[in-house]
Structures are given as C-alpha cells and as structure tokens.
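Asker: Here it is: the structure, laid out below.
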Amino acid sequence: MEEGLAQNSVPPSGPIDKSRILDVKPMRSLIPVFPMSPQAPASGQYPSGFSPFFPFGGPQQGSSGAPRGGAIPAPIRAYRSPAGAGDGGTSMDGSSGRKNTASRSARSAAKRNKKAVGVPVDASGLVGISPAQREDGSREVVHLIMTTFDAIRRRICQLDDAKELSSGSIKRSDLKACNTLMSKGIRTNLRKRVGAVPGVEIGDIFYFRMELCIVGLHAPSMGGIDSLHVKGEFEEEIIAISIVSSGEYDDEAEDNDVIIYTGQGGNFNKKDKHVTDQKLERGNLALDRSSRQRNEVRVIRGIRDGANPNSKIYVYDGLYKIQDSWVDRAKSGGGVFKYKLVRVPGQPSAFAVWKSVQKFKSGFPSRTGLIIGDLSSGAESIPVSLVNDVDNVKAPAYFTYFHSLRHPKSFSLMQPSHGCSCGKSCVPGDLNCSCIRRNDGDFPYTGGSILVSRRPLIHECGPTCQCFPNCKNRASQTGLKHHMEVFKTKDRGWGLRSLDPIRAGSFICEYAGEVIDQARLNQLAKEGDANEYVFDTTRIYEEFKWNYEPRLLEEVSTNDSTEDYTMPYPLIISAKNVGNVARFMNHSCSPNVFWQPILYEENNQSFLHVAFFAISHIPPMTELTYDYVLAMLVVAEIPKGKRGAYVDRQNAAVPLVDILLQKLSDWHDNESGTQAIEVEIAGLWDSFWIVEMDDGTLMSKAKSQLRSSKLFGFMLPNIIFKKFIV
C-alpha cells in the first residue's frame, strides 16, 4: 500500500479521509503471503510442541518456488510426553509407575493401546470417505466426519488424563485429532465455494475451530476471514467467503440479523504489541471486494460457552451480504476497517434462537406458553420448565417426578465388594482403583462428564466407594447438567429439549421410573400400554458406530472396543406413574441421543441403570430423541404351505418380540399362498422373511435365499425364533 496512516503517526482529531486508506495498488501487484516454512501455521502462531497442518493442500512454496528446508510435520503418534516425564513416569497406556494390584487390567489396557507398527492404514476404508466426498460433502458425510473427529479427540483426552504430563505441556486434543484426520485425508468439502456448504445446516454448532476446518465451513484454523480467488472482469480478484465473528476485535453483534465486523490486523488487544493501523490486504481486501461484488458470505458467530467461560461455541448463522464499509478508530487508537453485514432473508433462525434462550433462562416474564417454571418441584438442581405454545393443553397426564429408579430387587454379587478406596476422587490411570479396573483400566469419562466411548457396561463408583460424591466416575448420579424443557410438539405430544447447547458425549439424564418384570410388561401389553412410557433393554436395538477407530491412532483393535451391550440381567422400566424428563423423549430413526447401561454397587448388590448421552453436538431448543426400536402388524403373502412373517425396516408401533409372543397363536398354515402376518420393525439391516421350518424353528429368508451372519435367539412357546441379521 502506498498511502495510509503511518505506524507512528498521531490520529487526526477530525474525520478520517477514507480515500487515503482505500487507495491501493491493483491486485496483480500484491504479493501473496505464504508461511515462511513448512513448519509455520497457515495463520497465527501454533503452540509449541504441535505440528501445523495445511487446510487446503500441502505446505506451499515461497514466491520464488525454491524448496525450503525444515522437518516434516510429525504425525499424531509423535505427540507424547518424553520418557520419564512427570512424577510417576507414566506411559501412553495410562498406567502409573506405582505398584498396583491390577496386572490383568494393565495388560488389557496396554494391549489395547499398543501401536500397530508397520500395518498400513487405509483411512478411506476405515471411515468410508470417497475422493468425491472429500470435495463435496453431504449431511451424512459431515455427521460422519464430526463424529470421527470428536471420537478421536475424546480418546486423546482419555490418554492425556491417564498420564502425568510434564509441567508446561499443552493439552490440545483438538489439534491432535485434526492433524490425525487431515494427514489421512479424512475431511469433506475440500473444494472452496461461495454460499452454503453441502451437509452443514444453519444453526449447527461447533466446539472447536478445527471442526470448522474439517467440514469445509471455514478453512483458516485461526484467522477470522476465509477467501477465494475468482475471475473478475479484467483480472483475478479475491473475495471473502466466510468470517468468524468471535469478539476478538470490536465486533458489534447485538442485532440478530446485522453484524458490524472489524477487519483483521493492527495488533489490537495484544498488550505486548505496538498498535498499528489495519492495512487493506489479505482478508480486509477480500471483504472490500465482496462489498462490491455483493456475494454471499458465510457467518460463524463465536459465543461464550456457559459451561466453560474460557471457551467458545461457534454457531453457523447462515449467509450474509456486505452492505457498507468504512474506516473507524478502535478503542486502542489504531485505524480499523468496519464492514456492515446483513443477513439474507428467508433463512432459519440461529443466533436469534440463542438470544431468545438467554432471555428465557434469565426469567423473562412474558414468555409465550410457559406453564410451570419447574416441573420437577425442586427434585432437580436445575429447574425443568413446562411450555405449550401449540394448543390449550395445560399439562401432561399426572405422574410423580422422581430422578432415579425404584428398584424392587437388584443383582446380588457372587463375591463381596466394598467399592474403591480412593480418596477425594478417582484418578484416571490409577489402576489401584477397583472401579477403574472393572472398566478394563480406562476411566470412562473425560472432563465435564463426557463419555469417551460406548462400552458393553460401565462401572461407576457407588455409595460403598470411599471417594467423594462429586467423583468424576459418578457422572450419571449427579442429576441434570443442562436446563431441560418439556414442550408440546405439533404432532407428537410432549417432547424434551434443552435450553443449553449439549456437547457430543455429554450426560443428559437417566431413564427414571419403576423397574418391572416381564410378567408385568405382558399384563401392560394386554391392557394396550406395552409401549406407554416403557424402556425395555431386551429389545433388539440398531447397531451404530460412535466410538473411535483404534487404527486411526495406530492402536491395535481388540474386542474391548465393541459397542455391543452386555447386560447382567434384563431391565424393564415403566415411567408411566413415576419418572423424570426422560419419559418425554420421543422416538426417531435418526436420533441425537443414545442409551448406555451403567452399573454401580451398594450393600454388596449391583444396581443396573440406563443413562442417556448425546450422539453429536446438539444446539439449544433442539428436540432430544432416541431410537425406541418399534414395530407394527400388517398383512402380507408368504410362501405356499408355510407359516411365517415378513420383516422390513419401517417405522412402527409395537415391539417385534411382543408381537410374536402375542400373535403366535394367530399364525396359520398357508395352504393357498394367500395371506399371513407381516411384521415391520425399525432398526433392522434389510428385509427378509421369517418362515417356519420342518423342525419347528423359524428361519430367515431374504427373497428366497437364506442369509446368515449374526444370530439372535428368543425362546418362544414351543418354538425357537432365530433371526438372522442380513
């Protein structure tokens, strides 16, 4: 730039001449700014000890094209404390240097964390991302990328928690997880574009800037402005395609649809830097060109995280256009560029929802549809509001609010147990803790009651343990962590949502109610209430992958990483008369919540519980749903001379096992090949026939062909029903 305010000049008291700053050289004379070396980050300074990554391609050469020296960025396996670091000399597997009595658990953890040396990893095969999907994503691909990223990040947090890091070490699991995925090409929407990004919806939330990178919403890992070179009328121009407004400068974001965005540069808010005027280059130049081009700019708003004041949550607020720009004086005295961005009309609300929620939580008196301020009547530490802005129904059917289970009986232990003998709290990596040993040496939670992985069964500390009630291994026993709200839906009765954002893996609530047996459930079925506020662990729930892939972290994959549940005994809960907020959660074939069996001990007995956790990041005011696994009874043809049923993946209304138990006597010999019973069930892998064989068993056939891979068996009256998952 030839003109502008000098670095040491005194700002004039009168109005600023905008032409002095906006008089710039043509685009062709600007020299692109590249990292000084392959080790330099794309924008800003990386913390020491972390290798950079390059969001769009590999390290770039300087303008001369000459190769530069420097070490190759280290992969994720290089991020570890030096040997002997810390007081106890802990290792990567989380075991400490102290003597412990858990050799089997230690060996199990060591085996699970062992590096798969020399085994090539096909990341595309592990995650299922094709080259085309790297360029252009979809909702499913974005969900897969986000789930994979957070699963890896949680595992890295678990490993970091289990070892004593040397003083000064930086725990940046997000950087490590992002480096792991990008080094293996696991990302999407690599192709830059103006406007909406495939698979990312307005209102989506992100807890890390790295998440914005891997889904292609905003490429710079630290910079606030993302840009794109486009062909102009006479020459190539640079335009802005997305911004992150997070208050680092003097951004004004009080209006729901208008942002006054401050340009980048000038060393503002940096006490150890000399304040200078911003220059019309890079991101500022891109914004200036976009104000002339009138192109759409994606806006991501950074909002302070209420659960962690030192962090921010990034909300995708949709598309904006730059309406005006000018030069102003910052509070620090330097010259800054200001840009007024106005939201494109007709888009779903995002930031406006957050502003409304802030009013609701602050006790805004004129909220529409508010019936009760606290449905729990003080049973929960956080009030549960009841809202109906749909019709005139004043409240759901009467029930007694209770935050946990009413257990008529428990599972007696074969060997007496007195719980763990830890002090104030159980410490991750301490294999002297009997509760950690029961979890195969892994602490199941990381900071903020975040579940690391789905497990066959999680063992939490119980009343017989000597650790304090606020021990991190009691995540499901400490009540609600979010402001819950029971609300009336338009077409599904009452539902449940949160006024707070919910992070992936966060504990939501327990399914509370009265524990009943199969006989009581059968009685409810006869009365037509078999599915009325009932949670049944004996149902066949659809498999889905949520845990991290061990091979992405070069760990050996073992059976310990299975996501199939292991129940010590069947658990059936009725919340019709007694329950908590979980009874209001509706069904969805695409749920955002999953359940996890949890066991803890008291008086030499084990009590089984069902806890709900978030599958992915959930924005405020989003309905919480889980998969009921439902079925319905219809009619269909079966092969001549056979008795049977047709099973298909559909939404439904009655559990499959209940149908077979109740309707078995209705099945008849089909001599004419006319009609028999058809069963449709949500959560199956494919369609198939259930046909009675000559030996009295029921087998599955898929279009006249037997397919067998995974076998489930149910004992029915005089018949063994065998269901082969296709």
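Glycine is treated like the rest: Cβ placed from N, Cα and C.
Curation does not apply to TrEMBL; its annotations are automatic.
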Asker: May I ask you to indicate which of 1-22, 133-154, 353-374, 419-440 is given in TrEMBL as region 'Disordered'?
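Answerer: Of the candidate stretches, TrEMBL labels 1-22 as region 'Disordered'.
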Asker: Please give the average pLDDT for the domain 'YDG' (195-343) in this predicted model.
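Answerer: Value for the domain 'YDG' (195-343), mean pLDDT as a whole number: 89.
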Asker: What are the DSSP helix, strand and coil residue counts for the domain 'Pre-SET' (418-479)?
Answerer: 11 helix, 6 strand, 45 coil
